[in-house]
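Undergrad: The structure is given below, and queries will be raised subsequently.
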């Protein structure tokens, strides 16, 4: 398993302001790439471009050597993106939330697998509570359960540590490293200080 | 590495089920347009005159306009909560055609707004002394027409979902586009009252729906992509 | 074709070429409108039924034509902007919207004025006027949507989509309103429904229509030029331009 996401001469202009210009990126299997930069330097925008949400950019994106436009469907089938908002429906239970996410990628999944994924993020016993009654950190954990549940090679995580307690942070960090070491790839922004690790690489914006 | 898996039907079914579950857990949101519909119909006799003959002559138009406004009211929430909690972002990143998933959401909207409004309309028709023989046509034309309204309205809802106060703007965008549906919908009821053929009206309503079904999902998908980047 | 599209990508090129084209259209507009107005008001024969009040069609009809054409041009510009990401197309669409709304208003107002001697009232739910009124609402929707976004790029894209949706709907709306009108009111007197219009009534009308179009093109070029300067204000070529003129 190997994958690679490349950006060539990437530039993004938002309302006459260049957020970044001439950016060359190579993101490969076995890496955690951390995007750094001050507020407003375009970290979130860059993640949105690299996860195929924003198409308003200059330059080229390649997924495994193929131009993104052609490889888009294949790319999305390998991508797991978690944004600022956890994307957890308050009116549904954690189990129902996960079931929808699984179905979105075309798989039915199984209830025991979902329960196991929730248990892995420390939500055993909360499976059927409406997500609206969970705390912000617990809702974030529901979203993070998708990392275990859905096998995706490329993780794009925008501030995944928000609202997570200390033990949760350590567990998530370990999970990121394990994912990279098993050939996956993580693209992350965070204000949290990540422990140095041979798989960690930094990219400075702004 | 994963190859794209297909499974579009799984995704559509799950989206239908999810939206239905969510709406049925907040029954108020399903009931509100119906109550609004009944209220507006109550206002007309009070504002105009309780004279049954006068009311009967304007009943088709009143019922249609009131139902149209009731359907419009519920549109703003179509994508709003998904936008707020971030699941819209995830919907856009699903390896499935967004137009199809959007269509599933619109279908739920029609099922829980348009269809109940159509079923309730004959009841309010009695209160406006709607002439006998046009009740079935009223319900049928509304059921058919509100499906187009949901589709067209969803474009407006998708365009305004990223705006903090999109509600009034949404009506400004969508109401002019509703006019053909209103003309042929109310026209069908009118024709039934005069004992004329209604087939042509219903056929045109059907044609409008077919056109909306073909084009609106793409416009909805494009609009959602714009809004998510606002 | 591709060379042309690539040139359009550059606002600077458009700014230069429009400087040359603009005077041509201003001259054409002035001449045509002058000739058309004098001919239409003074020399064209009066209508045998309506007398002199029919002369308002020399304003009403060109304005109504333009109102519809501008919406179509706006949608086409929107499409060009969405497909080829040509910014100038969006600037053109931006300046066209208020122009189109103004033209629609002129058509509505002249129709209302015409209604006074003809129908004895300022407003009749005539098919043509009703369609015009709906068109005005469509314009207002596009303008309002563009203004509602805090990011101009998103506003441009949203307005483009709405203009395209609107342009598909305009013929449907027109057809249904015509149908609605004939159903409720067997055709009476409509502003353009006369059978007998002689050549010397037509000719000034044609000139007026051409005059209105030239005027619209000239005005669009002028306003697009200022829009270019406004949006590109911090680009080097605009700064150099400003220094030259100082």
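Placement of Cβ uses the backbone N, Cα and C atoms for every residue, glycine included.
TrEMBL lists these features:
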type	residues	note
DOMAIN	C:13-184	domain 'Cytochrome c assembly protein'
TRANSMEM	C:56-84	transmembrane segment
TRANSMEM	C:96-117	transmembrane segment
TRANSMEM	C:129-149	transmembrane segment
TRANSMEM	C:161-181	transmembrane segment
TRANSMEM	C:201-221	transmembrane segment
Undergrad: Short question: most Cβ pairs under 8 Å with the transmembrane segment (C:201-221), which of C:56-84, C:96-117, C:161-181?
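TA: The listed stretch sharing the most Cβ pairs with the transmembrane segment (C:201-221) is C:56-84.
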Undergrad: Can you tell me which of C:56-84, C:129-149, C:161-181 gets the most C-beta pairs within less than 8 Å of the transmembrane segment (C:96-117)?
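TA: Per the Cβ count, the answer is C:56-84.
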Undergrad: Could you tell me what the rest of the chain brings near the transmembrane segment (C:56-84), counting residues at least six beyond its ends with Cβ under 8 Å?
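TA: That would be 5, 8-9, 36-37, 40-41, 90, 92-93, 96-97, 99-100, 103-104, 106-107, 110-111, 113-114, 128, 132, 135, 138-139, 142, 156-157, 159-161, 163-164, 166-167, 170, 191-192, 204-205, 208-209, 211-213, 216.
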Undergrad: Restricting to the domain 'Cytochrome c assembly protein' (C:13-184), what is the model's mean pLDDT?
TA: 91
